[in-house]
Amino acid sequence: MPNDVEVLIAGDRVPVYAHPGDAGADLLAAEAVVIPPGERATIGTGTAIALPDGCVAFIVPRSGLAARHGITIVNSPGTVDAGYRGEIRVTLLNTDAREPFEVRVGDRIAQMIVQEVLRARFVPVESLPGSHRGEQGFGSTGYRGRAASTEGAPE
Ligand SMILES: O=c1ccn([C@H]2C[C@H](O)[C@@H](COP(=O)(O)OP(=O)(O)OP(=O)(O)O)O2)c(=O)[nH]1
């Protein structure tokens, strides 16, 4: 099974896979910004790509920035469509209540995961086929481990 795909790229900040086997290639900031506590900023990466048809790129947060500084992405995962040729931009949110977050040019602010994607053919029907889960959702199975949960209704 091929596990790579050619993605054309314009701009001098090429995303970097830090290790072999990494799913995400780090995106670099093309501009310097200071994000005050609780605020957001949309930051250019100086990068534009041409994904092959049938692919998508998802822009997702970096766990180190999240754990150390409370930095996340407002619209995570950001979706880069195969037909998009504009600059990839990342809307960071500083969730820290006290510390501003400084982004410098060249900082690795997010990561991009390239995937194959199916396109749905939506087929209208009168009723949907049955399934084990049915209409259960939104926490219907609870969240505590079995040992900790009381019997009966899910918590
Ligand atoms: O975090 C993101 C998300 C999207 N994009 C680019 C690539 C994507 O193909 C395009 C449109 O994104 P999306 O479909 O999420 O935006 P929309 O708000 O639905 O706008 P549109 O009406 O342009 O589709 O913007 C980014 O650069 N960064």
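The chain as shown is numbered from 1 upward.
For all residues, glycine too, the Cβ spot is worked out from N, Cα and C.
Curation does not apply to TrEMBL; its annotations are automatic.
Features as listed in TrEMBL:
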- Arg62, Ser63, Gly64, Asn75, Thr79, Val80, Asp81: substrate binding site (BINDING)
- 14-142: domain 'dUTPase-like' (DOMAIN)
- 131-155: region 'Disordered' (REGION)
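On the structure: features taken from TrEMBL.
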residue: Arg62; record: substrate binding site; Cβ neighbours (10 Å): 19
residue: Ser63; record: substrate binding site; Cβ neighbours (10 Å): 9
residue: Gly64; record: substrate binding site; Cβ neighbours (10 Å): 10
residue: Asn75; record: substrate binding site; Cβ neighbours (10 Å): 10
residue: Thr79; record: substrate binding site; Cβ neighbours (10 Å): 11
residue: Val80; record: substrate binding site; Cβ neighbours (10 Å): 19
residue: Asp81; record: substrate binding site; Cβ neighbours (10 Å): 11
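The secondary structure of Thr79 (substrate binding site), as reduced to three states from DSSP, is extended strand. Binding of substrate is attributed in the record to Arg62, Ser63, Gly64, Asn75, Thr79, Val80, Asp81, and the widest Cα separation among these residues amounts to 26 Å.
Ligand 1 lies under 6 Å from the Cβ of the following binding-site residues, listed in sequence order from Arg62, Ser63, Gly64, Thr79, Val80, Asp81: Thr79, Val80, Asp81. DSSP classifies Ser63 (substrate binding site) as helix under the three-state reduction.
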